[in-house]
Amino acid sequence: MKKHNFSAGPSILPQEVLQKAAKAVIDYNNEGLSLIEMSHRSKAFIDIMEHSRALVLELLGLEGKGYQVLFLQGGASLQFLMTAMNLLEKKAGYVNTGAWSEKAIKEAQKIGDIIEVVSSKDANFNYIPKGYNVPSDLDYLHLTSNNTIFGTQIKSFPTTNVPLVCDMSSDIFSRVLDFTQFDLIYAGAQKNMGPAGTTLVVVKEDLLGKVSRNIPAILDYQKHIGADSMLNTPPVFAVYTSMLTLEWLKNEGGIAAIEEANEKKATLMYSEIDLNPLFKGFAAVEDRSPMNATFNLVNEDLKETFDAMLKEAGISGVNGHRSVGGYRASMYNALPIESVQALVEVMSELENKA
Ligand code: PLP
């Protein structure tokens, strides 16, 4: 039986994507070669890379608006460093909304001066700070749109002349936003886009080339752009599978359609958390993430029973992160609503039993 996969990442991909990707590993497009043994300089792979880059701009509504798309390696974690390397000259600002923001801050501090503009650490990151002032002399302001561990999401972004850099690793392609408000977006592929191994970077080209440091080639966005995202051997399988997921998303009706589906799943999940007296949500209600729902059992004595029921129902990947405890249901784009229904049923069965 295929499990209900609530993993926070790497996470669920559409079944049809997995099937096509599996076939390509054996024989890509009936060419008699596996995708992963083909030259990245072959026409077949150059087409895959170009199509993937174009699909990203199309889905985000950024075509013809001065943005470049890169598929890099090193995870979102390398972007913590690369963003600073490429953009930090005098001072950058960081909004600290959780463990991933903190890691981004730590890396940027190795490159130059940064300030923490605001933080929600005072309440173990269970909310998104609002109404803060963004100093106008920053090289950029770094935000984490969705806090995977704590289950919070930024609903509206600061209006400022300072360039916005956003880590969208756990909610990219999940909701309609005006993406032109961001100057640089990055996201590890392994939640809403594809397998681990590639990281998406979408950058406004006129933001680059303004720092005085000598950037090592492999960390230099301009070098990657100049090489059409093939400065070195790209992660061919991860890029191809991401392309398949982007095509799937487009066929589903794009981001607007998937947002509607995501909202239905989130409503179902959070209604159960709120109505079932055995559970308590972790994140502030207005900041709840539709991607990652974090919740705890009110009475920890029920944990063993609940865990056994989850296992019996084929539900996997719902253990909370150690810094929050309890449970976390990650409901990325490819998760069917039936999986959320299955989880909600187990939660209400527990209530009936208790
Ligand atoms: N940023 C966020 C919001 C994440 O959720 C994660 C991983 O879960 C990362 C960054 C780190 O990504 P990677 O493992 O690709 O370096």
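Each residue, glycine too, has its Cβ placed from N, Cα and C.
The annotation L-glutamate binding site is assigned in TrEMBL to R41. Here TrEMBL flags A76, S77, W100, T148, D167, Q190, N232, T233 as pyridoxal 5'-phosphate binding site. Look at TrEMBL and you will find 5-343 tagged as domain 'Aminotransferase class V'. Summarising the annotation, TrEMBL assigns N6-(pyridoxal phosphate)lysine to K191.
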Whole-number Å value for how far R41 (L-glutamate binding site) lies from Q190 (pyridoxal 5'-phosphate binding site) (Cα to Cα) = 25
Neighbour tally for S77 (pyridoxal 5'-phosphate binding site), based on other Cβ positions within 10 Å of its Cβ = 15
Output: those binding-site residues from R41, A76, S77, T233 whose CB lies less than 6 Å from an atom of ligand 1, in sequence order; none if no residue fits.
-> A76, S77
Nonlocal residues around D167 (pyridoxal 5'-phosphate binding site), in sequence order (Cβ under 8 Å, 6 or more apart) | A76, Q79, F80, W100, S101, A104, H142, L143, T144, S145, Y186, A187
Span of the recorded pyridoxal 5'-phosphate site, as the biggest CA-CA distance among A76, S77, W100, T148, D167, Q190, N232, T233 in Å, is 30
Rounded to a whole number of Å, the separation of the Cα atoms of T148 (pyridoxal 5'-phosphate binding site) and K191 (N6-(pyridoxal phosphate)lysine) comes to 10
Taking the Cβ of the residue listed as 'L-glutamate binding site' as reference, which residues of that chain separated by at least 6 in sequence fall under 8 Å from it?
-> M230
